[in-house]
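*Asks:* Per TrEMBL, the feature transmembrane segment maps to 31-52, 64-86, 92-111, 118-137, 143-161, 173-193, 213-237, 258-276.
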Amino acid sequence: MVGLFLILIASTFSEIGVSIGKIEVKKKKDSIYSMGFLSLFIGTVFFFLIALIKNSFVFSLASLPTFIPRVILEILLTFFTVSAIVKADRSTYSFIKVGTLPLLVIADLVLGYELQAYQIIGVGIIIFALAVLFLNHGINKKGIFYSALSAILAVATLSLFKYDITKYNSVEAEQGIISVILLIYLFFMARLITKENPLKLLKKKEFFAQSFFEGMGSVLVSFAFIFAPASIITTALRSFSVLAAMISGSIYFHERHFLIKLACFVFIAIGLVLLVV
């Protein structure tokens with residue numbers, strides 16, 4: 001119960017942070033690069049503090065053949081993700097992101113993992129719900145290209161992440177180094193292309209709020225895994241994230257077809273449960 005409560009709060013915090021970032025970019029107060037930097041900054045600081053306390057920072061040079069491709073893909077993923085957040089409806093982005101899960105199941109099959117019959121049914125239900133959304137115009141097509149690419153790239157990066165932490169590196173080292181590399185990339189892109197200093201933006205309350213809420217969302221997700229199995233936490237996170245995006249999209253961004261999205265959300269939640277049972 002505690003784990004699910006933390007995930008509910010984490011999803012709410014993350015959605016608040018993402019929505020603030022989307023609004024500020026639309027107002028042209030910052031660029032997508034500064035937005036991406038702010039979304040990662042405070043979360044990365046918290047992440048390294050936790051790693052320092054746990055004293056479990058392990059990185060093997062033997063992981064470089066898979067780690068380097070992951071770095072390249074993560075940079076591409078970051079660009080397409082922040083672009084999708086700005087260009088696509090909040091609910092569109094979240095629903096397409098859920099489409100990552102069936103692809104991850106396929107990736108697991110390729111890697112040799114067994115797939116149960118009820119998991120196949122779960123994948124089918126998710127695909128069915130997404131198809132209904134498309135056919136009934138429940139998903140706005142604007143920005144869908146960026147959303148789809150970010151979902152597909154996430155399959156590759158998650159698979160490489162899973163491989164690295166299984167064979168070579170600690171979670172803290174793998175994810176910590178990736179986060180720092182992405183922060184450096186986003187900082188220099190903001191400086192070179194849009195002439196912004198993301199660190200100075202943190203002095204403004206709206207940008208600090210964005211970074212704080214997204215950072216706290218990441219930290220709460222990490223703590224949630226202490227109180228419940230990973231499968232339950234992951235399912236709850238995906239479900240609550242879609243629900244939070246639907247609500248914010250409807251209230252703050254005036255997105256349409258809420259009832260169709262709500263009905264499809266119920267089916268997707270059922271599919272997610274079957275995937276992790």
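Every residue, even glycine, has its Cβ placed from backbone N, Cα and C.
Looking at the shown structure, what environment does each listed feature sit in?
*Replies:* A Cβ distance under 8 Å defines the sequence-distant neighbours of the transmembrane segment (64-86), meaning residues of its chain 6+ beyond its ends; these are 18, 21-22, 25-26, 32-33, 35-36, 39, 93, 96, 143, 146-147, 149-150, 153-154, 156-157, 160-161, 163-164, 169, 174, 178, 181-182, 185-186.
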*Asks:* Where among 31-52, 118-137, 143-161, 258-276 do we find the most Cβ pairs under 8 Å to the transmembrane segment (173-193)?
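*Replies:* Looking at each of 31-52, 118-137, 143-161, 258-276 in turn, the most contacts to the transmembrane segment (173-193) are made by 31-52.
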*Asks:* Against which stretches of its own chain does the transmembrane segment (31-52) lie, if we need a Cβ under 8 Å and a gap of at least six residues from its ends?
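*Replies:* Beyond its ends, the transmembrane segment (31-52) has Cβ neighbours at 17-18, 21-22, 24-25, 78-79, 81-83, 85-86, 172-173, 175-176, 179-180, 182-183, 186-187, 189-190, 193-194, 196, 198, 201-202, 207, 210-212, 214-219, 222.
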